[in-house]
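Asks: Encoded as structure tokens, here's the structure I'll be asking about.
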Amino acid sequence: MGQMMAIFVVCFFVFSFFLISSATAAPCSDPCLHQSKAAYFPLSTPLKSGACGYGSLQAKGFYNGYIAAGVPSLFRDGVGCGACFHVRCKDKTLCRGRGTNVVLTDSHKGSNKTELVLSERAFISMASKGKARELLKLGTVDMEYRRIPCEYKNQNLSIRIDESSNKPNNLAITFLYQGGQTEIALVEFYQERSFTSWVSMSKKYGAVWETSPVPQEPLNFRLFVYRGYDRYFIFSATALPVDWKVGAVYDLGVQMNDVFDKRDGCSPDCTAAAGACGYGSLAKGFNNGYIALVRCKNKTLCGESGTNVVLTDSHNSSETDLVLSDRAFISMASKGKARELLKLGIVDVEYRRIRCEYKNQNLSVRVDESSKKPNNLVITVLYQGGKTGIYSVDVFQEGTSLKSYMTNKYGAVWEMSPVPEAGLIFSLFTVGGYDRAMVWAQKALPADWKVGAIYDLGVQMNEVIDARDGCPPDDCTTGTA
């Protein structure tokens, strides 16, 4: 009896559980939701380049005209340039409920009681039908806002050549269409044909960076940002040509929509869009949106079988141990009770870790978008079977005995630099039973790997079970003892 009770305590925990969904997002986002007032600047106001340095683009309908100026705490000496915010007017008589999204393009030195000054287009987009004129007449409204990820589905990160640029003396650039929810903390470049080292650019003001004198070769850029809780580099896929023109915009061939800085504790949109594990856009359909066994204890709304989920993200709350996707959450509902369960939002559950088993899918790696030959290779490990962790990754060059090591960047993401030119064989250090175990890839990552592609390693680890936690994978039950 004592042994059974010990297993029960280790393998099962009862806790409150919170659902992520658009209907119940408020409890998640409250710590990051700010109460203030919003004003607007009329169309008749002459628009200059703004403190961010977006130049004449701002006067030509930049971001479709949905722009805003922020107080110093938002502008932050230009670090906040390009940040996206969701703004919701709280006047129920004049405004519709869903609010509007804006991009920060300028600073505002007014009262902290008015933290955002919106363009006229953005301001009236918050109005209820037929109430735009009244809202404009009011001029200032109570509102709430929070930062959200910027997402540019059909537009890559780009740079604009600032008017202060002058060959061969200096080059000044402004970053446009910056996706995700992070800031650019450092910009470096190297000359494409004579690469020796990375050269840092200086922050001029706002979103403008400069270097002097002007290199006489095409330039590739590296941006230092934060992803999750760690530093992260974004590498341009397209070089700035040597014959650049002042005022022109150049596509860098890369985007950062899934890069989220989580150091402020504000998860973007309170969703697991990319996740702290680094699965990126795969999180939206990873394992069909579904390996812990989770069972809802609300007998009125939930069935008895529970659901299986794959951990793809981190969650900072002491009140709820797990946050499920909508699909996983409603799969616990009894027939016809899904809507009521979603409305409830939080339920008591019991859960335990179980073995992941992929019958028709081998262990695989995905090449992350930040990878760039020959500088660095970043991979995410996918479809990891069994019940264990991956504690280190060794790399052998195909056809040789040369060995390298990868560094854990965060979550399931590993990186190495520089990148060997040969195909790569991975060796994963795990724990099976009570001892260490090595899992060897049977297929190499080809030398001509592509960013964003997934490569089958020809092996699986469904039978690798770490027994050190005292919970056999299939023997823990909720029975009484």
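Residue positions begin at 1 at the first shown residue.
Placed from the backbone N, Cα and C atoms, the Cβ positions cover glycine too.
Those TrEMBL annotations? Automatic predictions, nothing curated.
In case it helps, TrEMBL gives these features for our protein:
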type	residues	note
SIGNAL	1-25	signal peptide
DOMAIN	49-155	domain 'Expansin-like EG45'
DOMAIN	169-252	domain 'Expansin-like CBD'
DOMAIN	274-361	domain 'Expansin-like EG45'
DOMAIN	375-457	domain 'Expansin-like CBD'
Asks: Pop the mean pLDDT for the domain 'Expansin-like EG45' (49-155) in here, whole number is fine.
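Replies: Its mean pLDDT is 88.
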Asks: Going by DSSP, how much of the domain 'Expansin-like EG45' (49-155) is helix, how much is strand and how much is coil, in residues?
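Replies: For that range the per-state counts are 29 helix, 35 strand, 43 coil.
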Asks: How do the residues of the domain 'Expansin-like CBD' (375-457) split into helix, strand and coil according to DSSP?
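Replies: Taking each residue of the domain 'Expansin-like CBD' (375-457) in turn, the totals are 0 helix, 46 strand, 37 coil.
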Asks: Using DSSP, what's the helix, strand and coil tally for the domain 'Expansin-like CBD' (169-252)?
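Replies: Per DSSP, the residues of the domain 'Expansin-like CBD' (169-252) fall into 0 helix, 45 strand, 39 coil.
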